[in-house]
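> To start, I am sharing the structure in question, which I have written as structure tokens.
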Amino acid sequence: MAAISDLSFMYRWFKNCNLVRNLSDKYVFITGCDSGFGNLLARQLVDRGMRVLAACFTKEGAQKLQQDTSYQLQTILLDVTKTESIKAATQWVRDQVGEQGLWALVNNAGVGLPSGPNEWLTKEDFVKVINVNLVGLIEVTLHMLPMVKKARGRVVNMSSSGGRVAVIGGGYCISKFGVEAFSDSIRRELHYFGVKVSIIEPGNFRTAILGKDGLEKHMRKLWERLPPETRESYGEEYFRIYTDNLKSTMQLADPRISEVTNSMEHAIVSRSPRIRYNPGLDAKLLYLPLAKFPTPVTDFILSRYLPRPADSV
């Protein structure tokens, strides 16, 4: 028991020694703080004594977060799909951080819907997701980078296991693959400025990313707007099984979202942040192996998850 106690003490000592100094003086800007990962991360960083600048999409989300935390947290409304909103947020952050710059930019804002079989979706469905998850992330980063460079700080980008292997149709996985590519490219470029870039690739966690209306209602809407010939080619049984499989996946989602926010926090406060974080057992044991298997093997495994269409050959 004494040996275990000593090892535990040494681990905590090393962990604390590897932290960035003067965290209480450093500013962190986080997008998507209404709920989920962004909301919990903002609270964790306030508890650490950091100065948190939290961007929310709704007034209600901003007010509740402000009420529940201390003076060290300030909120602003931000729509990452609108350039003017991003410009206003950038000026606000610049006014807050002054000459010391921005220690960490956390691009967390994201949406999951519309998603489904690609043929069931429209161009607008793809654009809606990509504009938030990828284009918005890129534009926020480009506006904030001068302040991050000044602080020799961090960029932490929220991707997904779906950014390593495409598990569902629609703009979600496409946008997350784009986040991976953008993050890899800026990491190499910003290395020379002393800026570190980390990518968070969670598995399946329970958040509000699928919106308020519910998955079944979303899938029914996609199905009912399809042309009759497309519905016939898939069949009602395909729709039912596909929807049930998605619902089962969501029901199995891990509610312990602190696994994700702890990874995000480590990327911000550690002197040696990782390039990639993979919170969640499914991320480590399922999605990462699927991403590394030969493509025909991955296709075979994932195709078993999809129902057979009525007109299959």
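Cβ atoms here come from the backbone N, Cα and C positions, even for glycine.
Take a look at what Swiss-Prot says about it:
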type	residues	note
BINDING	29-53	NADP(+) binding site
BINDING	SER160	substrate binding site
ACT_SITE	TYR172	active site, proton acceptor
MOD_RES	SER185	phosphoserine
> For LEU41 (NADP(+) binding site) and the residue listed as 'substrate binding site', what Cα-Cα distance in Å is obtained after rounding to a whole number?
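Approximately 17 Å lies between the Cα of LEU41 (NADP(+) binding site) and that of the residue listed as 'substrate binding site'.
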> Compile a sequence-ordered list of residues in the same chain as LEU45 (NADP(+) binding site), six or more apart from it, whose Cβ lies below 8 A from its Cβ; state 'none' when nothing qualifies.
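Those within reach of LEU45 (NADP(+) binding site), by Cβ under 8 Å and sequence separation of 6 or more, are VAL28, ILE30, VAL52, GLU265, ILE268.
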> Measuring CA to CA, name the entry from the recorded positions PHE29, CYS33, LEU53, TYR172, SER185 that ends up nearest SER160 (substrate binding site).
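Comparing Cα positions, the closest of these recorded positions turns out to be TYR172.
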> How many neighbouring Cβ atoms, not counting its own, are there within 10 Å of the Cβ of CYS33 (NADP(+) binding site)?
30
> With every protein chain in view, what's the tally of Cβ atoms within 10 Å of the Cβ of LEU41 (NADP(+) binding site), excluding that atom itself?
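For LEU41 (NADP(+) binding site), the 10 Å Cβ neighbour count is 28.
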> Ranking the recorded positions SER160, SER185 by other Cβ atoms within 10 Å, which is at the bottom?
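Each of the recorded positions SER160, SER185 was scored by Cβ atoms within 10 Å; lowest is SER185.
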> Long-range same-chain neighbours of TYR172 (active site, proton acceptor), Cβ under 8 Å, sequence gap at least 6?
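Expected: GLY112, SER115, VAL129, ASN133, SER160, GLY162.
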> For PHE29 (NADP(+) binding site) and SER185 (phosphoserine), what Cα-Cα distance in Å is obtained after rounding to a whole number?
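About 21 Å separate the Cα atoms of these two residues.
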> Please report how many Å separate the Cα atom of CYS33 (NADP(+) binding site) from that of the residue listed as 'phosphoserine', as a whole number.
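Computed Cα spacing between CYS33 (NADP(+) binding site) and the residue listed as 'phosphoserine' is 26 Å.
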> Would you kindly give the Cα-Cα distance separating LEU53 (NADP(+) binding site) and the residue listed as 'phosphoserine', rounded to the nearest Å?
26
